[in-house]
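Below: the structure, in structure tokens.
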Amino acid sequence: MLHNALTLWWMGVREALAVHRCVVFLVLDESTTKAVLHCFILNGAILLGSILAWDYGLQPAVGWLLRVLVAPVLGGAVAGGGSWLLAAAVQALWLAPVYLVTMLVSCGIYNDVAKHAYMIKTKQAGSGGASSKAAGAGSNGSGAGSGVGSGASGGAGGGGGLEDAAQELYRVVLFCIFFAEVSVVGKVPYAGYFLNVLALSWLYAYYCFDYKWGLQGVRLTERLAYFERRWAFFAGFGLPMALSTVLLSFYPGAAVLAVLFPVYILVACDCDVNAAHDRVIGAGGAAQLRPLPIFALALWPTQYVVQLITGSGRSRGASGAEKRTGAGIRSGTGAVGPDGPHGGVAHAYR
């Protein structure tokens, strides 16, 4: 069990570092290339550039001027206080606004990157299915395209505009609470740092794959249950992103992650989690890892917050979903269906 978990974890790390997969998307689609370049410019040049300009240019220069001109006249305490006030003003009036604006704009860019990549994968799958169908036209050609259809279906889990909006509200609240829990975990003595890295790895990995799953129409509860059954792989996949934030201070870490994130979205769109899992566990699933209830602690407060927001006794966002697979999320088995250990929506996760 431990050996399989470590092997899957390492495979997740290797999959995340296989950034050469992005080249296919960039070559085949000009819109994807433009979106990635916009993200690099926005977060690399503007956000990271602002941070570096202050940390390594303006702040040292201002500190030197205060020590040379102000400290001899008004004293070191006044010079130190002036330096602190200036740093606080720059944080509040420059770095924080730039950070917020770039993050908001980047969210739209990330969606565009995921949509373009998903369209490319859908076209590739469709052309592959058509070729297989043509090759086997004399025998059983129709079977080749059936799996592709189920995987590329955009409405596999859609339940209408109102339910989609409710699920989105539930998702946003859930991950806000989960992120708060991750921050608290980081304060635990001794083991807090490692637990924080692990939780951030899961969080960032989920963010990357969530774009693809959303475009495939997979319900939120099914996404969470699937994620909890593949916890070892996703812990490895999110590790490079987690390290890029924990090894740097807040603003530089956020900027580096924002620059790299579209690359990881493209890698996630091209990643076949089930195939990687089957290479370790086996297609039959005889040595399945036990599901890990990663999101269990965040579910109850999420339900409570959503009830407060909607003003109802029971939120619509969780009502249909909880009835179908709510217990499964807690146990990690809610999305398992007749297709075997990958779940009833196995094709949608590929």
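The backbone N, Cα and C atoms fix where each Cβ goes, and this holds for glycine too.
Note that TrEMBL annotation is computational and uncurated.
TrEMBL lists 1-18 with the feature signal peptide.
Sequence annotations record features per position, and here TrEMBL assigns transmembrane segment to 34-54 (among others).
Marked as transmembrane segment by TrEMBL: 66-86 (among others). Counting same-chain residues at least six beyond the ends of the transmembrane segment (66-86), none has a Cβ under 8 angstroms from any Cβ of the stretch.
What TrEMBL records for 92-113 (among others) is transmembrane segment. Through the fold, the transmembrane segment (92-113) approaches residues 31-32, 35-36, 38-39, 42-43, 46-47, 50-51, 54, 211, 251, 254, 258, 261-262, 265-266 of its own chain, all at least 6 residues removed from its boundaries and within a Cβ separation under 8 Å.
Per TrEMBL, the feature transmembrane segment maps to 169-186 (among others).
Only residues 6 or more beyond the boundaries of the transmembrane segment (231-264), in the same chain, are considered here, and those with a CB under 8 A from a CB of the stretch are 4-6, 8-17, 19, 22, 35-36, 39-40, 42-44, 47-48, 51, 55, 95, 99, 102-103, 106, 109-110, 113, 193, 196-198, 200-209, 271, 273, 276-277, 289, 291-292, 294. The transmembrane segment annotation in TrEMBL covers 231-264 (among others).
The region 'Disordered' feature in TrEMBL is assigned to 313-350.
Positions annotated as compositional bias 'Gly residues' by TrEMBL: 329-343.
Here the transmembrane segment (169-186) has Cβ contacts under 8 Å with residues 192-193, 195-196, 199-200, 203, 206, 220, 295, 297-299, 301-302, 305-306, 309-310, 315, 317-318, 321 of the same chain, all six or more residues outside its ends.
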